[in-house]
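For reference, the structure discussed in these notes is given below.
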Amino acid sequence: MAETTELERAAAMVGTVSGPFQPEYLVCQQAPPMISSRGYRFSDPFDASLPLLMLQIILIFFTTRLLLFFLKPLRMNLLMGHILTGIIIGPAILGRNKTYFNKVFPPGGIVTLMTLAEVGFMIHLFTIGVQVDTRVMTKIGKSAAFIGSACFFLPYALGFLTFFMVKSFGNLDAHFKQSMLLIIVINSITAFPVITSLLTDLRILNSEVGRMATHVSLVCDMWSWSAALAVGTFDLALQSSKRNSVGSVVSTIAFVAAIAFIVRPFLRWSNKCAKGGEEEEVQFYRVMVLLLCCGLLSEIFGQHAGFGPFLMGLVLPDKPPMGSTLLQKLDTISKALLVPAFMAMSGLRVHPADVGGTSSAFLELIIMMGYIAKFCGTLGSAICCGMPFWDAIPLSLIMCCKGIMEIAVLVMFYDRKIMPGQVYSHLLLTMLIVTTLARPIIAYLYDPSRRYMVEGRKTLQEWKEGVKMQFLVCLHNEDNVPTIMNLLEASHPTTRSPIAVFVLHLRELKGRSTSVLVPHQQLHEASSKGTSYNHAVNAFQYYEEHNRGSVVVQHFTAISPYASIHNDICTLALDKGTNLVIVPFHKTWAIDGSMESTERTIRNVNKSVMNKAPCSVGILIDRGPSTSNRHMLMSKSEPYRIAMLFLGGADDREALAYCMRMVEHPKVDLTIARVKNDDYLNGEESHLDQELIDYFRATVGKRKVKYVEETAMDGVGTTQVICSFEDAVDLLIVGKHHDPLSPLISGLTEWNEYPELGVIGDMLATSDFQFSVLVVQQEPVPLNLSSEMSGSRSHSRSLPLSTTEQGN
């Protein structure tokens, strides 16, 4: 009985044999192997493969999270954290304790983890292929092509030059010389999926540098794939006969052709036939079987198992339900469970004996020269193409960053005995150090919002009569269109004082890794994404035709991650010179007045826009569904009732300046309610408030404008004035910021759920009022100006009205 138990526990017998570069383990496993444990009372549970696998995954997970917590200031991303985890729990550090390492990572037990890791990487390559937008290749400009080519070829040239110099100074090992070509190739690689992932993490994917980096990395990646295939073919030619090597190349070409001309049409047909429900499930199983078949054929033809799935992902339709549904189902499981195992295994292959000695110094010199060549090649070519120096430096650092694609190449060369462990360890460690250090430097050097801080401010107060007023309207769906169009129509566009409306349709980036900001008509598939976009476009086109000569409308579409889509909004606002950006509030209301939905991501977008916009911003709290103002102002027989609450301050003056455009509209009833406290004056701000009020009353007189002044002792009095508007207005306009010391808002600041709306705006958003609200913020003062102006928002620079000169 004891012999039987001992036999069951002997899951593997290990011996050392000679390898091509260093001694290796030969493992003899029991057949059939122990998969499940019989329990700790009968045997060691970790002698079975399943408990051991779960222990290894749990150890990788918790070690990574602990590392990321302590290294948070370095902005280390998850993948680099997994590599460092593998190095720590592997033979390089904790693995020096042989008892621990032989128990947790025995030679026989690593095989299961490695197999699972390779499956995870294969699935991850498929999802990366799905996210790559091949149409970007047609949009690459000459500058990106030149920079990408320099970024790839200069490391080649300098790498070979350094190799020949090192070779002349010392006697190098034969294996070391053979691996030099691999070092130079890997140094030259810049993978497109890695760069887009990095840009997304840094929230600069849709910035100017981010878009250039996307195109440059795509050019560099195309050269990298060509070089990788050439090196792979060269390796096959060295290890086999000429006939076999030619056959391998031909079979690989035939395999690629089959994916392009057989798999691609089949996937498109399958996507068209999908009608939801059970058909989507069948489609998912169909794609998974195809994915495994592509991986199997890749291995049969001598390529990595992920080669075929990656190509399959490239030809997969990105339109729903196929592209987005597959990513939702596969991305989470692969990133959370399988990819961490693959990355940790790459770190687990690092051995302490591989680092050190004279050859290590020569090796590190060649590797670093490759990074220096890539940095200098990108920097020099970018400057030659006219890129500013302080934009070219972050771009060069981005091109030096590496990730899962480069690591996969390293692992493949190491496992196929093409690359010795010393070269592998140095390449991986250098890659880890450079990428980890580059991320915080890039984040420090490049902030897209700096370009929005222009000296000339674009506010509504500084608008001059007779000049076209510019609006940027942001839409997530068609729900806010009627209220926004009522607001635009109330702005009273005329042939003498026209308005320009730039409608930006915002869509979250899903199923692709490349952001888009283009005129709406250039996005050919926009009409196929759903009828809501068509309805919004048609509504604004009708509005433009109805006001021909006084209204100009242009449509744009931004497809970006919501974490950075504010860059698109601010960029368009800056390029078009808009006076006011209108963004919808993140909450929507149903017809009965109850809250219908809340989008936290939209709230984050609004907060970023208010902090960084190069002009004034208005957040529209649209309660249109619960009121009667869903139909267009121009088709209503009754007037559109608008009220403006004036407490004082730069934002209230900005809101009042906007209301002055509405005075002449024949279908607008405007009420200005000024709430004040005679015992409280705010110095220069109070003077500017009174100056603008006096000009307003002198200019508009009694023309369809009701001006009232109310005295309030505290926030309760202000609330009573607001409550008087219930059932009396369709839209209430308020400023965001108010003096926090003002008694007019005392008692209202304790319950501020939405700080981006200010005290009054927050109260209006969280109450049961039935009218819509526009919260206006004047363009934020640039940091260099705010520091000169004592840093107080209430003391921001504001002019009475530039039209006063004309009024006099």
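Each Cβ is built from the backbone N, Cα and C atoms, and glycine gets one as well.
As recorded in TrEMBL:
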type	residues	note
TRANSMEM	50-71	transmembrane segment
DOMAIN	60-437	domain 'Cation/H+ exchanger transmembrane'
TRANSMEM	78-96	transmembrane segment
TRANSMEM	108-132	transmembrane segment
TRANSMEM	144-166	transmembrane segment
TRANSMEM	178-200	transmembrane segment
TRANSMEM	212-234	transmembrane segment
TRANSMEM	246-267	transmembrane segment
TRANSMEM	362-389	transmembrane segment
TRANSMEM	395-414	transmembrane segment
TRANSMEM	426-446	transmembrane segment
DOMAIN	499-625	domain 'Cation/H(+) antiporter central'
DOMAIN	642-778	domain 'Cation/H(+) antiporter C-terminal'
REGION	785-808	region 'Disordered'
COMPBIAS	785-802	compositional bias 'Low complexity'
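Between the transmembrane segment (395-414) and the stretches 50-71, 108-132, 144-166, 178-200, 362-389, the greatest number of Cβ pairs separated by less than 8 Å involves 178-200. Beyond its flanks by at least six residues, the transmembrane segment (50-71) meets 35-37, 78, 81-82, 84-86, 88-89, 104-106, 109, 112-113, 116, 337, 340-341, 344, 436 of its own chain at Cβ-Cβ distances under 8 Å. Only sequence-distant pairs (6 or more apart) were considered; of these, at least three Cβ pairs between the transmembrane segment (362-389) and the transmembrane segment (144-166) are under 8 A, so the stretches are in contact.
For the domain 'Cation/H(+) antiporter C-terminal' (642-778), DSSP puts the residue distribution at 54 helix, 32 strand, 51 coil.
With Cβ pairs under 8 Å as the measure, the transmembrane segment (144-166) is packed most heavily against 178-200, out of 78-96, 178-200, 426-446. Under 8 Å from some Cβ of the transmembrane segment (78-96) lie the Cβ atoms of residues 59-60, 63-64, 67-68, 71, 104-105, 335, 339-340, 343-352, 403-404, 407, 428-429, 432, 435-436, all in the same chain and six or more residues away from its ends. In this model, the domain 'Cation/H(+) antiporter central' (499-625) carries an average pLDDT of 82.
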